[in-house]
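**Student:** Got a structure here, written out as structure tokens. Questions coming.
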Amino acid sequence: MRTMSTRLKVGWAVITVLVLIYALFPVASIVATSFKLPSQLNLGTFLPKTWTTTNYEEILTGSAKDLFLPSLRNSIGISLIATFIAVVLATLAAYAIARLDFRGKRLILTAALGVSIFPVVSLVTPLFNLWRNIGLYDTWLGLIIPYLSLTLPISIWTLAAFFRQIPWELEQAAQVDGATSWQAFRKVIVPLAAPGVFTTALIAFFIAWNDFVYGISLTSTSAARPVPAALAFFTGASQFEEPTGAISAAAVVVTIPVVILVMLFQRQIVSGLTQGAVKG
Amino acid sequence: MTAEVATPRTVEEAVKPRKKKPVRSDRAKAEARLGWMLAGPAFVVMLLVTVYPILQACYDSLFSYRLTAPDDKAFIGLRNYIEVITDPVFLQALLVTVVIMVVSVIVELVLGFALALVMHRAITQLRGLLRTAILVPYGIITVVSAFAWFYAFDINSGFVNHWFGWVPGISTDLNWFAQQGTSLFVIIASEIWKTTPFISLLLLAGLAQVPSELEEAAEVDGATWWQRLTRVVLPNMKAAIMVAVLFRALDAFRIFDNVFIMTNGANDTTVLSLLAYRTSIGRLEIGLGSAISVILFLCVILICFIAIKLFKVDLAGARGES
């Protein structure tokens, strides 16, 4: 029995190491690249020979500053607003779907599903033309609106699944015990619903943060261009220099917050993604 | 009242309940009104951001229309479509897109299932660590993943050629992005790395629904590990597998970011999304670009149709709506 458990332990250790390598190796690779001296990029080694922060200086205070910092501001602002609007609208819709009985529930869920499988590129051509005519091209609003097509459907599905599991009878129970309906809502329902809303916001934010097609098609300057699109526009310090180091450093900067969020909230994200997806 | 509706004695009565409804109609109406008031805004916004543009694309696709010469806009019927589908560039892009879709879905299904099994079986102390690790690729921006893989394989800045020089065919002179096959290999690898976590989470949820008694019973009856997997576990999570495959297939069919960053379509690696983007945003040929957009949309509908009709994927049921 004891030998068996040691073998199991070793087995699990090996599996864990393999999974960690799978998940983290590409990240480690770009982190390592971001610390390489531009002159040592071509040595063919994984780790930098000399560790340097040159690339970070370039994107934060140097020549790539005007490209990177505005795009960071755009990405954060646009993704947060698109997430906020989607979560507010989806919370109302999911509440109705979970608690009320009315025709059209199915229609709304089916529409959300349909929108979520829509090929984004199909929407880009007409939006590009329309936005140019009505002045939304290269503006925050011009990205926030199409981002809703990404964030809203998944928010509705995830929240509807969360809300279905809330024991709504507790609200009445609290009212029976003498709470006003507002108190019952605030003290009983809000704490039960908040984790679901928060998780949904996190997932919706990841999706908006990840967008590239809209970002590169509907913007042309740093007025609204988000980070993923800006990365594609990086150029080297001189025309003979590849922007490899600067792009890697910028990539690491936008990846760190996501990795931290994932580490803090992995349990919630997993339950959010799977509840919205496959659950009876 | 519901009992009455449920057991109609005659055909007439079976029809009647509809007319009878007014009894509770005031409440039902009020509930419906409230329901639509709450869900309506989300519904309208979803339609506005998708249905309007796709209708506009259908309309524009019938015109010869380029932004460089907007005054020459002329109705040409379906000629744009004919031009697109007879263009070898389009057929090549369609083929590459389908290849990427099929290969990545198959590999992701196997890899995702393995990861799901690991998460499912993991002892409690490891579960958090494993889940966090698996979620990292999910959270990373696709463009960042594309750059990470690109730089790792790049002939100048990469280390892959140096590390794997002993593998036949790989040497420090190998330029991965100079021909179609090797380019697609790296593109698909990045795609797989980034999206397998999603598929494995869907499969994990499916695994959790397999009744453990069934597996135990099979074990007692002397079934091997492989028999239990193929005869008990997999058949019981068919619905989850189907949904995961469909979602990933549709997602992979829209692939854009990885190709744009790594090759931008060089060496016959153009995919449909990139072709649509280059036609309308790059060359400003709105009419032709709209036609490609509509074709892309129709392909997605076709994939859904095949999945639902042929493979009986119950999306609504599997996605929580009972």
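Glycine is no exception: its Cβ is also placed from the backbone N, Cα and C atoms.
Taken from TrEMBL, the feature domain 'ABC transmembrane type-1' covers A:72-265. Feature annotation from TrEMBL assigns transmembrane segment to A:12-35, A:76-95, A:107-128, A:140-163, A:188-209, A:246-265.
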**Student:** Checking distant contacts: for the transmembrane segment (A:107-128), what same-chain residues at least six beyond its ends satisfy Cβ-Cβ under 8 A?
**Tutor:** 93, 97, 137, 146, 149-150, 152-154, 156-157, 160, 213-214, 217-218
**Student:** Within the same chain, where does the transmembrane segment (A:140-163) have neighbours whose Cβ lies under 8 angstroms from its own Cβ atoms, ignoring anything closer than 6 residues to its ends? I mean 6 or more beyond.
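**Tutor:** For the transmembrane segment (A:140-163), the list is 74, 77-79, 81-83, 85-87, 89-91, 93-95, 97-99, 108-109, 112-113, 115-116, 118, 120, 123, 127, 131, 193, 195-197, 199-201, 203-204, 207-208, 211, 214-215, 218-219, 224, 226, 272-273, 275-277, 279.
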**Student:** Residues of the same chain, at least six outside the transmembrane segment (A:76-95), with any C-beta under 8 angstroms of its C-beta?
**Tutor:** 108, 140, 143-144, 147-148, 150-152, 155-156, 158-160, 162-163, 193, 197, 200-201, 204-205, 208-209, 224, 226
